[in-house]
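Chemist: Provided herewith is a single structure, encoded as structure tokens, for subsequent inquiry.
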Amino acid sequence: MEDASRRTLDSGRAGVILAGGRSRRFEGTDKATALIDGEPMIHRVASALDPVVDELVVNCRADQRASFAEALSAFEVRFAEDDCPGCGPVFGLRTALLGTTAEYVAVLPCDMPLVPSVFLDHLFGRVGGRPGLVPCHDGVRCPFPSVVHRRAGIVACTETIRAGSNRLTDVLSTLEAATLAEREVCAHAGVRAFHNVNTRDELRAVAARL
Ligand SMILES: Nc1nc2c(ncn2[C@@H]2O[C@H](COP(=O)(O)OP(=O)(O)OP(=O)(O)O)[C@@H](O)[C@H]2O)c(=O)[nH]1
Ligand SMILES: [Mg+2]
């Protein structure tokens, strides 16, 4: 694995993969490294982000790092390890945002393996100086995939934690992120993009849609 600091930073874009969860519903193993058509799920997510960002940051616990480094050995990756393991995804997002200097960050969880690069690029292109942009899907604002202004995102995470919440949707509300309209989401993301994997059945369903 190459040193991430050697990359030339010029687009101001980073990709964050949130992977510090316990995969409880996946029963026994870490869903991030579960295989889809022979490929670790987190590798698929990194493959979507990598073409549209300068650097990749993976948030996880220290005990996950070795297996993730192996799964992601094809990429330059910076790890942002949780200093509060199991404290929830808002802590994880804050840690990840502190792990890059990019102006804007695309945020994906390790369990959305079907988001296309072209949609992530579209989100970056449409954020347009705003604090964040989240897609509308099935009538609701989805926290993933989203694009967040890094410094504004750190402030929003801190305020959300201070307010006693650990919900990513509260971060996006605090951030006053804009919404990408559903028709535009459908046009650029396609119908499969929003599938996420919590259980082994959902993994099988996603694999069947490849
Ligand atoms: N850093 C960190 N990330 C988390 C934590 N909990 C969830 N996440 C991440 O947030 C995203 C969405 O969470 P879930 O889909 O619930 O994943 P999970 O918590 O691993 O799975 P379950 O244990 O089945 O709820 C995933 O990318 C997780 O890795 C946490 O306590 N810390
Ligand atoms: Mg969870």
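One is the number of the first residue shown, and numbering goes on along the chain from there.
A Cβ is built for glycine as well, from the same backbone N, Cα and C atoms used for every other residue.
TrEMBL annotations: computationally assigned, not manually curated.
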Chemist: Taking Asp10, Asp50, Asp111, Asp121 as the options, which does TrEMBL list with Leu18, Ala19, Gly20, Lys31, Asn59, Asp82 at the GTP site?
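Modeler: As annotated by TrEMBL, Leu18, Ala19, Gly20, Lys31, Asn59, Asp82 share the GTP site with Asp111, chosen from Asp10, Asp50, Asp111, Asp121.
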Chemist: Sort Lys31 (GTP binding site) into helix, strand or coil using the DSSP assignment.
Modeler: helix
Chemist: Across the record's GTP-binding residues Leu18, Ala19, Gly20, Lys31, Asn59, Asp82, Asp111, the largest CA-CA distance in angstrom?
Modeler: 18
Chemist: Across all the protein chains here, work out how many other Cβ atoms are within 10 Å of the Cβ of Leu18 (GTP binding site).
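Modeler: Around the Cβ of Leu18 (GTP binding site), 26 other Cβ atoms lie within 10 Å.
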